[in-house]
């Protein structure tokens, strides 16, 4: 519709929709890849393919956005363009209607999900129930639906902005400068939407610690486990979004080597259940007293 109407505002709004579509495709891709078994060459599986796809999709969006911005600047300078106000108005109205329907469906889905999995009249503590993890997953799903609803509201506001611009251009063609102005504003929204994706994928590629985890907190909780003397090494990184991996090297207190299975089990439970690790490896060693070693150059200099 934007191409037929020769409207950059419509095309920029469509570009924003493309970022949402990319997010949905990446989520489906992650679900599909998570079901595939690791191979001899890719022993961690294919989770990072999601990250690679995210970078490619964002770069594609930026290339298209740069082209639209270039056209918007040219139109602002020369003003030698015509916009079909009727087609622009119809396309913008359809966009607003679709966003209204999407927001309504997401809002209803969030309410139904909340009511179907809540038990307000229960007075039984649930902290030790085997359904705790199940309830937590439903809570996360409800949060995801609400987040999608908020995002849909943002898309609705943008579509309404395009509709207002279309209305102005349709009945006041001399104010067609509203079309490139919308392109400038919506390009900023596209950048704000995608910069978070770039930051998260950058952290994953550089094997950084996910933002929701604190390495110092993990070390403190590990040191609370009985018979652990020290933490020799701790590495935490993400295979992809939501799949965190950890490798920890622990030293046991003197005389507790026989309890290594119990210590390893507690450490694994802490990492997997408390901190939500997708995979973890716990290495143990018996206590070794550190001995100070003086290098030959230091001995010669002191002599």
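Positions of Cβ are set from backbone N, Cα and C atoms, glycine also.
Automatic prediction, not curation, is the source of TrEMBL annotations.
What TrEMBL records for 1-206 is domain 'Cation efflux protein transmembrane'.
Per TrEMBL, transmembrane segment is recorded for 14-34 (among others).
Only residues 6 or more beyond the boundaries of the transmembrane segment (54-73), in the same chain, are considered here, and those with a CB under 8 A from a CB of the stretch are 8, 11-12, 15, 18-19, 22, 25-26, 179-180, 183-184, 187, 190-191, 194, 197-198, 201. Among the features that TrEMBL reports, transmembrane segment is placed at 54-73 (among others).
Positions annotated as transmembrane segment by TrEMBL: 85-106 (among others).
The compositional bias 'Basic residues' annotation in TrEMBL covers 113-122.
The region 'Disordered' annotation in TrEMBL covers 113-138.
Taken from TrEMBL, the feature compositional bias 'Low complexity' applies to 123-138.
Summarising the annotation, TrEMBL assigns transmembrane segment to 148-169 (among others).
The transmembrane segment annotation in TrEMBL covers 181-198 (among others).
Sequence annotations record features per position, and here TrEMBL assigns domain 'Cation efflux protein cytoplasmic' to 210-285. The domain 'Cation efflux protein cytoplasmic' (210-285): residue composition by secondary structure is 27 helix, 30 strand, 19 coil, according to DSSP.
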Contacting positions for the transmembrane segment (148-169) when only residues 6+ beyond its ends and CB under 8 Å are counted:
7, 9-10, 13, 16-17, 20, 83, 85, 88-89, 91-93, 95-96, 98-100, 102-103, 106-107, 110, 175-176, 178-179, 181-182, 185-186, 189
